[in-house]
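To start, the structure under review is shown below, and the notes come after it.
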Amino acid sequence: MKLRELLNGVPVASCAVDLEMEITGVSYDSRATQPGDLFVAMTGYATDGHKYIATALEKGAAAVLCQNLPEGDGPYIRTADSRRALAVIGANWFGHPAEEMTMIAVTGTCGKTTTTYLLKAILEQVRGAKVGLIGTNQNMIGQEVIPTDRTTPESFEVQRLFREMADAGCTYAVMETSSHALCLDRVYGVHYAVGIFTNLTQDHLDFHVTMENYCDAKAILFRNCGVGVVNGDDPWTPRLLKDATCQVRTYGVKSEADLRAENVVLSADGIAFDAVTKTERVPIRVNIPGGFMVYNTLDVQGAALALGISLKDSAAVLAKVPHVQGRVEVVPTPGKDYTILIDYAHTPDSMVNVLQTVKEFAKGRTVAVFGCGGDRDKTKRPRMGKAAADWSDFAVVTTDNPRTEEPAAIIRDILPGFDGSNTPYEVVEDRVEAIRWAMDHAQKDDVIVLCGKGHETYQEVNHQKFHMDEREIVAEHLNSGR
Ligand SMILES: CC(=O)N[C@H]1[C@@H](OP(=O)(O)OP(=O)(O)OC[C@H]2O[C@@H](n3ccc(=O)[nH]c3=O)[C@H](O)[C@@H]2O)O[C@H](CO)[C@@H](O)[C@@H]1O[C@H](C)C(=O)N[C@@H](C)C(=O)N[C@H](CCC(=O)O)C(=O)O
Ligand SMILES: Nc1ncnc2c1ncn2[C@@H]1O[C@H](COP(=O)(O)OP(=O)(O)OP(=O)(O)O)[C@@H](O)[C@H]1O
Ligand SMILES: N[C@H](CCC[C@H](N)C(=O)O)C(=O)O
Ligand SMILES: [Mg+2]
């Protein structure tokens, strides 16, 4: 593609390159640069892409787009914001694939992954559509699974995925847009037909610093969508919508929302309620337990309504939808008189939610096995400790993904959450041993909740991922005769 076409829409401050030059690829990481590429240098949080301009040129980059011009002459193009430019370049390179599909984005602290799966099922079954999905567990093109490392990939990869989806015949793309993604322009320039807001509770304050900033990052979505389907019960919603440019449809249980849940019945194996709008009342049943699932169901049905799908049609799909991997997932424990659940609760609010749900229905004790991620918001650690202290009968405090931190130091941050509580706990640093410990000490009718890892089948230590699948650990321990 000609450089001129690739830079269409990118504000260029200075340019020392012939714009008619043919560019054969785009890279933003010098380790992946190929001859003929446009290398985009971005200032980062760990390092600065500008430091790698020389390496990229040595590897054959044809031109460099940057924010700060290096000294001396070179094939340099300067722009004010290279991260934002990368998003525009991605859309140009892949031929604006998002414009070929109906785009739906989900943001919020909890419930994004769950919401995307439920909505994908509805679009497939009601519309008979092929649907693309981008999110934490995996990316999908119809039923084809593409593994992922992050909730929302870098802008260029997002655009690549959109292209693959559109070429494969997807007419809808449903995606999670994390607050990092919105803040770091990973979806800059993408216009969504529908944007969904689930809720806002504490997470990622290492990055956003304040809850207000965190909310304002999520708010970006509502300046880039046609209809905003938002949680009317969430205290952050008014701030979220302050500068919104979309139509707004609210859902909720407590508020006078456009779509409401009435007569809510929670049980150990699911939820039921009446979905109520101004004009109709439709009974809903979903076989996934948890009070929070009422909200996840309402936001999905609100989005489906905005896309022209009736409550009755979405209800029929929701009645049969399977659980989402790693979200309130039951692990088989044949022959045992206790239950084990895997759940992705890794924030204070999600821990309260899942433990509260379990406590309501468990005949025996609710046992929480949990740790906290390293290189993430440290202030959520004691609050996750408090969630376990408040909502479990016994806790096993262990490791999550320590990343570059000392596991013992992370655990030290968690334990003050138990101050003033009578809830007993045991510290077992090694997560495999912690799971075995909980199983060995299980009492009749206990429900052991393995919090935090959900679908993850690895543990990340010092930039390296080691295989660790909680389902396998449980099965192996049972097979070992314990
Ligand atoms: C805080 C954050 O999100 N950082 C992301 C950001 O990194 P960064 O800008 O700090 O990059 P950097 O490492 O400083 O490097 C700067 C530039 O130099 C380049 N470089 C670097 C080294 C080199 O040898 N050559 C080179 O060219 C890098 O490619 C980059 O372009 O851009 C990088 C490129 O896309 C991402 O890999 C990186 O994600 C890191 C790994 C990360 O952990 N992100 C997490 C926090 C995240 O994004 N999480 C959200 C939320 C999850 C949820 O709640 O669901 C997500 O969407 O997954
Ligand atoms: N609507 C909700 N409100 C509060 N907690 C929820 C809600 N939905 C799910 N949860 C809890 O949060 C956990 C994560 O759910 P899910 O993966 O759907 O959220 P997410 O927003 O995609 O998370 P992430 O930020 O990691 O991508 C679940 O395992 C459950 O414990
Ligand atoms: N998307 C979240 C996932 C956290 C999962 C948990 N297992 C952890 O490592 O803290 C994050 O990157 O903060
Ligand atoms: Mg997710």
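Every residue number used here counts from 1 along the chain in the order it is shown.
Keep in mind that glycine also has a Cβ here, set from the backbone N, Cα and C atoms.
TrEMBL does not curate its annotations; it predicts them automatically.
Residues 400-403 are the range that TrEMBL records as motif 'Meso-diaminopimelate recognition motif', among 232-235, 400-403, 420-423. The distance from the Cα of Thr109 (ATP binding site) to the Cα of Lys218 (N6-carboxylysine) comes to 9 Å. In the three-state DSSP reading, Thr113 (ATP binding site) counts as helix. Apart from Arg376, Asp400, Asn401, Pro402, Arg403, Gly452, Glu456, the residues listed for meso-2,6-diaminopimelate, the same chain places the Cβ atoms of His346, Gly371, Cys372, Gly373, Gly374, Thr399, Lys453, Gln459, Glu460 within 8 Å of the centroid of those Cβ atoms.
Note: the CA-CA distance between Gly108 (ATP binding site) and Lys218 (N6-carboxylysine) rounds to 7 Å. Take the CB of Asn401 (meso-2,6-diaminopimelate binding site) and look out to 10 A: across all protein chains shown you find 23 other CB atoms.
Of the listed recorded positions, namely Lys112, Lys218, Arg376, Arg403, the sparsest CB environment within 10 A is found at Arg403. Within the model, the domain 'Mur ligase N-terminal catalytic' (22-69) shows a mean pLDDT value of 97, rounded to a whole number.
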